[in-house]
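To keep things clear, I will list the structure first and then write my remarks on it.
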Amino acid sequence: MTNIRKSHPLMKIVNNAFIDLPTPSNISSWWNFGSLLGICLILXILTGLFLAMHYTSDTTTAFSSVTHICXDVNYGWIIRYMHANGASMFFICLYMHVGRGMYYGSYTFLETWNIGVILLFTVMAAAFMGYVLPWGQMSFWGATVITNLLSAIPYIGTSLVEWIWGGFSVDKATLTRFFAFHFILPFIIAALAMVHLLFLHETGSNNPTGISSDTDKIPFHPYHTIKDILGALLLILTLMLLVLFAPDLLGDPDNYTPANPLNTPPHIKPEWYFLFAYAILRSIPNKLGGVLALVLSILILILMPLLHTSKQRSMMFRPLSQCLFWVLAADLLTXTWIGGQPVEHPYIIIGQLASIMYFLLILVLMPVTSMIENNFLKW
């Protein structure tokens, strides 16, 4: 008799994806982030579901309903902070996951990579709309500033913004629709993640060397399941340290003031995980130019396979490319810092230089360096 896990129609899918999946034997801990992202998504969906039971998406009661969750609902505070800080953990894992893909040349799996970029945009949209829901000062003004960027689109811009707002400013209609979208998006993300996995399993995983691992595969379970459990424990430990000891570390104090359309906060800024993109947006004095740079800063990932000029897939044996990769990482950290600073000297020029460096590194320096490395190896 065949094992039920190999014969049952549903179990068979699970078995081929998580148990008997042939996996390269040499994948490092950088390959843990996919499963960690899955955990973050499930955690956020579950906590979000319980928050939605007590939240009201009306401008008059939204802020007080969040206060009610924290003050009156049993364990409401921990659910709320696990949800908010869970989003931060999600983005840490996301950026590590994308960075891994760039370093080891995983973008040569075109379908997997492109679905991944779509996933990144979707998660960013969900996080942005979630930040609006508590209806604090930064929620309101963040929503106003970011949605207003669409007015830079020629001809249709103004109509588009008013259509998204559901009126002539960010108001009741905006909050209600943002709640609706914020509720549905994680399920769309989960569906996309399954497509992402489907495409990945068509080709099998990449590995640190970037060469075919068909000759050396091991079953996913128990080897990588136990490894993923270690990663998950570290993720949960970090999250709970944040939630229980510094729940507001990554938030903005302005969001503890109820939204007031008549009073603008001195420094409007998004959550920390959008600051690098916000810095790129602000570094261009023109509105449309800034919006284009903002979108391109993420959309540029789509071009990664086209910009790959090296004869080797991975950066493991390419020291010059490695240096540039870590310069890019430092550049993104610089811009994350700049995005949280006021628009004044010397932050303006640092932000502009960081933005130029970002595009220059990805579009010019890294492809040229790869060609130089090919020359060194006489390839």
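Glycine is treated like the rest: Cβ placed from N, Cα and C.
Fair warning: this is a prediction, and the values are worked out from it, not measured in the lab.
Annotation comment: Swiss-Prot describes 33-53 (among others) as transmembrane segment.
The transmembrane segment annotation in Swiss-Prot covers 77-98 (among others). The list of residues near the transmembrane segment (77-98) in space but at least 6 beyond its ends in sequence, with Cβ under 8 angstroms from a Cβ of it, reads 30, 33-34, 36-37, 40-41, 43-44, 47-48, 50-51, 66, 69-71, 116, 120, 123, 127, 130, 235, 238-239, 242-244, 247, 250-251, 271-273, 301.
The Cβ neighbour count for His83 (heme b b562 binding site), using a 10 Å radius over every protein chain in view, is 21. Annotation source Swiss-Prot lists heme b b562 binding site at His83, His182, citing similarity to another entry.
Per Swiss-Prot, the feature heme b b566 binding site maps to His97, His196; the stated evidence is similarity to another entry. The DSSP secondary structure for His196 (heme b b566 binding site) is helix. Just so you know, the Cβ of His196 (heme b b566 binding site) picks up 21 other Cβ atoms within 10 Å once every protein chain is counted.
According to Swiss-Prot, the feature transmembrane segment maps to 113-133 (among others), an assignment based on similarity to another entry.
Here Swiss-Prot flags 178-198 (among others) as transmembrane segment.
Per Swiss-Prot, ubiquinone binding site is recorded for His201. Look at His201 (ubiquinone binding site): DSSP puts it in a helix.
Per Swiss-Prot, transmembrane segment is recorded for 226-246 (among others), and the stated evidence type is similarity to another entry.
Taken from Swiss-Prot, the feature transmembrane segment applies to 288-308 (among others).
As annotated by Swiss-Prot, transmembrane segment applies to 320-340 (among others), with the evidence given as similarity to another entry. Residues 99, 102-103, 269-270, 272, 274-280, 282, 310, 347, 350-351, 354-355, 357-358, 361-362, 365-366, 369-370, 372-373 of the same chain lie 6+ residues outside the transmembrane segment (320-340) yet bring a C-beta within less than 8 angstroms of a C-beta in it.
For the transmembrane segment (347-367), same-chain residues at least 6 beyond its ends with a Cβ under 8 Å from one of its own Cβ atoms are 279-280, 282-284, 293, 296-297, 300, 303-304, 307-309, 321, 324-325, 327-328, 331-332, 334-335, 338-339, 341. Annotation comment: Swiss-Prot describes 347-367 (among others) as transmembrane segment, evidence class similarity to another entry.
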DSSP-derived class (H/G/I helix, E/B strand, else coil) of His97 (heme b b566 binding site): helix
Result, the transmembrane segment (33-53) in contact with the transmembrane segment (288-308) (3+ CB pairs under 8 Å): no
Of His97, His182, His201 (the binding-site residues), the residue whose Cβ has the fewest other Cβ atoms within 10 Å: His201
Proximity verdict for the transmembrane segment (226-246) and the transmembrane segment (33-53), three or more C-beta pairs under 8 Å: yes
Using Cα positions only, nearest of the binding-site residues to His97 (heme b b566 binding site) (His83, His182, His201): His201
